[in-house]
Amino acid sequence: MLQVVLSDEQNLSISQELSHQGGSFRISKQTLVKIVSAAQERLFAEEIDELENIDGLHNLEMSLCTSFSKGLKGDDFKEREVLFGNNRKPVIPPKTYLQLLLQALEDFIMRVLLVASIISIVIGVSTADDSHRSLAWIEGFAIFVAVFVCCNVTAVNDYQKERQFQSLNQMADSRKTVTVWRDGCKMDLHQSLVMVGDIIQIFEGMEIPADCFVVEAAELTSDESAMTGETDPIKKDTYENCKKQRDKLKDQQNSCGRHDVSSPVMLSGTKVLSGEGKMIVAVVGDSSCVGKISSLLATEDIQTTPLQEKLEAIAQDVGKFGLASAALILFILLLRFAVERIKENSFEKDHVKEMLNFIIISITVIVVAIPEGLPLAVTLSLAYSTKRMLKDNNLVRKMAACETMGGADMVCSDKTGTLTQNKMFMVSIWNDTLMDIDVYNEQLNLSTYFPTQMHDLYVQTSIVNGTAMIRPEEKGSKTEVAMILFAEKCGIIYEKEREHHVASMKIPFSSKRKRMAMIIGKRLVIKGASEIILEGCNKLHSKSRGIISIDSTIRQSIEKAIESMASQSLRTIGLAYRDLNGTEDLASKNDKGVYDVETENLTLIAIVGIKDILRPEVPGAVANCKTAGIKVRMVTGDNKITAKAIAKECGILIDEEHSLVLEGPDFVNRIGGVVCKWCKTATCDCPRDQSTAKQIGKPVRVDTIQNGEEFDKLYPFLDVLARSRPEDKYALVTGLLERGHVVAVTGDGTNDAPALKKADVGFAMGIAGTEMTILASIVKAVMWGRNIYDSIKKFLQFQLTVNVVAVTLTLISSVLLKQEVLEPIQMLWVNLIMDTFASLALATETPTPELLQRKPHNRNEYMISQKMFKHIIGQAIYQMIIMLVLLFSAQDFIPEYHGQEDGTSDFEGKLQYKYSNTLYDANLNSHSCPNHQDYCNLISFSTDYYVDGSENYETFYKETYIPSRQFTLIFNTFVMMQLFNFMNARRIKDEPNIFQGIFTNILFPIIVIGILTLQIILVTFGGIVFHCYTFYGLRIEQWLICVAFGSGGLFVRMILRLLPDPKLAFLDKLGHKENEGHKVASPTAQNNVSYQIQVIRQESELANLNDHAQESRMI
């Protein structure tokens, strides 16, 4: 992708280029960009050739109207900015709370619920009778409150995370200052204020603010791993010195490496490792290396997440079920109404109102069918997990990323700082034999590797002979730091040793010399590249045999040890010394600055192997990923040999015969790179954001792999992508997303930003690390993601069971009895159980390691599995049978008991409304209970109307407003069945024990006990408000019957476990989409929707990238 941006800058016509030049400037922006691009893509020394074409830096100084010694004058800043641009980042204001709230309301389910709440309030209030109108608005308002709570919880969480990321950005950004010369004076400026032509002071550790050319240099090296992934230090020098190196090596060009010739170009976003000097700013802003990468982050986030897609599919299907049920109810009611009217041969005004009531009942069915508690369950689960993941050092910016990570099946990990510690350690020592060092042990003993008499020699050659330090912070060569860290683990304090051993002469390291030395007393100590040091040695100080001559056998043994370490990608350093007698020539040296005394008669002490070691948790994390069905690929800027060695060590590369290790450029050439889906070209005019697309009337650019067939052949076997550039990693991620994979990308550098943005989930981190590795963080995130997914499925199984029963009951009762089985206030309480308490209990389940023992869920799978459907329908059938039995046959077996109310005026002569087996006195025209033991011991049949439409309990209720005992028992039984089914829902994969781990989430038993307690209070004291029997609800015997019916759900689950899962095609419909052709990308993949999880570090080096991506969905 970077090639695309570069070509736009480079391929301008001469007339365009000249038109950009001002009167006083004699070089164009495009020429400068071309030079920097040549450096970025160099194979030998192409940028030096480009500088030579403009007559070098002396001509550049005049062409940019600047002075290498005094800097800019400051009288042409406006013109300079017009022609060359500025280094300021576009300021994108953060989203306000209201914007985040409205964004949460864009969810399809939220909108449906909002409409449903309004309809429910309007119809409820307008059609209720006077006695119930004061309560008629409650159910609709409760749905509105649920929507309000869900949207605000999401908005508050996102608002807090946005502010946290802004704080990280501001903290990192405030430190980004540089020292420049302006009109002969030194001054400190924020890097956003530098301009083309500015002269900047180079110092060790600084971040390069713009693309620059070196004008002065002293032992200058840079770390370009953040930009190119190249971990080795890159030598930098002035144009003149680089040109001399190029000319000297020109004849050997084909055998030279990319960086054998020093480069005069400093790339923006990289860091200075060592040395000092000055540089002139050449390219700033969007045209710089960092700016071009930032342009890939411009895609606007407009699509839904995988979770939202699945939930919307559920909502649509439930909506269809509700519509179908409503249509069926309306049809049956109208049919019955028509038959009655024909039979009675009458049609009056009241019949119009009755028909209107049929429509209201139908709409009520739709409202009942909607799973209004689902958004709250999702929100609570995501919010809870977000907070808990913070303890695992995962700062989640967008809550939806938690669940998305649970479906990840591909991880593209960089090496430096992710798999490795981005810190060099001594791992091997050779003296007589090759010895491995336990690098993860904080306490070592030097005597394990050298006898006591050699300790002083080792200390002098390795740490006294050096300039690096680790206190107050690490500074200097990473190789030297590694040796100091080893000495510190052995209990040696390097500062004390340097104070004790004072050098009379120091010969510093240089890239030409490839060694450093010093004279301490009468001894020369030296260290450097192993092959060079060995060449000057004629003796070996053996730990077992003392000082011996190096014969051919010993030399071969040493060379074999060096080769062995090199094959493991170790950097080998030779340590040696020479005892001086005072007659040596300490002045003579060759053209590389190497003194004669350093090249002969040396005694070898050891060869040490140094490398950036794996983080200790990485092999286990990779193994956990494989167990969890997640393929981990390493994408690195290192060469093939180093990449393969690290991949083997961490377990990514196991079977070389069936694995591919490719270099980035080769991979991209074979797959044809990334092209626009519509234009089929790498470069096109299609905009990358929705707003621009609307303005110019073109489709938003969708990236796709040009040669998809070749990609399909390569990617299943690709384990390592070496020499990877940003565009290579971006292409790999693009191809994986197109094929329906859920991709996670790790990164810690500017070069990772495009791939991080493109992926479903991006794990970004800074360089200063914590104890938690980023790969271990991924494993934790996968566990939480799968736990969230399971929590949502548990809630779905629970709530859809209730909804199926509620809709079916509404249908039957409306058709047969002209009344609702559960009153609105009772349904509100049931909804409260489902929406709030169940959400809270099921959403706060703690993830278990068992979640990693299964494969990731398919991106396009339907959320309701075959097993879930079996239990939803099975439990719904059981609950419906119980409810219908209680509705139509309770009077045949439910006992009733004498109460003080029997003798009150309310029941005087009307005991048939309490008991079904009273004694009827025809003379008095009343029912009585002469003997409670023989009569009046069964509950009454208390429906408002009989099936034929005549009044039943409604007559008594109009006079007394005493709710019936039968319907109180029905309500209580319904709640008990939900309570036990709530426990059933804890396990959704037919696990035998639903109570396993129930106390690991203490909220669950607390909520169950709380629901039961509240239910007892409501039934006993709720009275007319909750439509429960006025005189203390139910008797203890009736309570036990309710509990028995409720617990029956546990036995039903046991039976359902034994039944085979149904094979229903509609439950696999989303999965079939993928099987039909994996080349059809999901909407999420096609529209660059990404999330970012940032691993919390002591400082965030990626914070500045978030400025470019504030509008992107990043965690």
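Placed from the backbone N, Cα and C atoms, the Cβ positions cover glycine too.
Curation does not apply to TrEMBL; its annotations are automatic.
According to TrEMBL:
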DOMAIN    56-120  domain 'Cation-transporting P-type ATPase N-terminal'
DOMAIN    175-297  domain 'P-type ATPase A'
DOMAIN    821-1058  domain 'Cation-transporting P-type ATPase C-terminal'
TRANSMEM  108-128  transmembrane segment
TRANSMEM  134-156  transmembrane segment
TRANSMEM  321-339  transmembrane segment
TRANSMEM  359-384  transmembrane segment
TRANSMEM  795-816  transmembrane segment
TRANSMEM  868-888  transmembrane segment
TRANSMEM  966-983  transmembrane segment
TRANSMEM  1003-1032  transmembrane segment
TRANSMEM  1038-1056  transmembrane segment
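A contact between the transmembrane segment (1003-1032) and the transmembrane segment (966-983) is present, since 3 or more of their C-beta pairs, 6 or more residues apart, lie under 8 Å. Residues in the domain 'Cation-transporting P-type ATPase N-terminal' (56-120) partition by DSSP class (helix H, G, I; strand E, B; coil) as 38 helix, 1 strand, 26 coil. With a threshold of 8 Å between CB atoms, the same-chain residues lying at least 6 positions outside the transmembrane segment (1038-1056) that come near it are 870-871, 874-875, 878-879, 882, 886, 894-895, 965, 969, 972-973, 975-981, 983-984, 994. Confidence across the domain 'P-type ATPase A' (175-297), taken as the mean pLDDT and rounded to a whole number, stands at 86. Residues 793, 796-797, 800-801, 804-805, 808-809, 812-813, 817, 821, 894, 943, 966, 969-970, 973-974, 977, 981, 984, 988, 1045, 1048-1049, 1052-1053, 1055-1056, 1059, 1061-1062, 1064, 1067 of the same chain lie 6+ residues outside the transmembrane segment (868-888) yet bring a C-beta within less than 8 angstroms of a C-beta in it. The residues of the domain 'P-type ATPase A' (175-297), classed with DSSP into helix (H, G, I), strand (E, B) and coil, number 34 helix, 49 strand, 40 coil.
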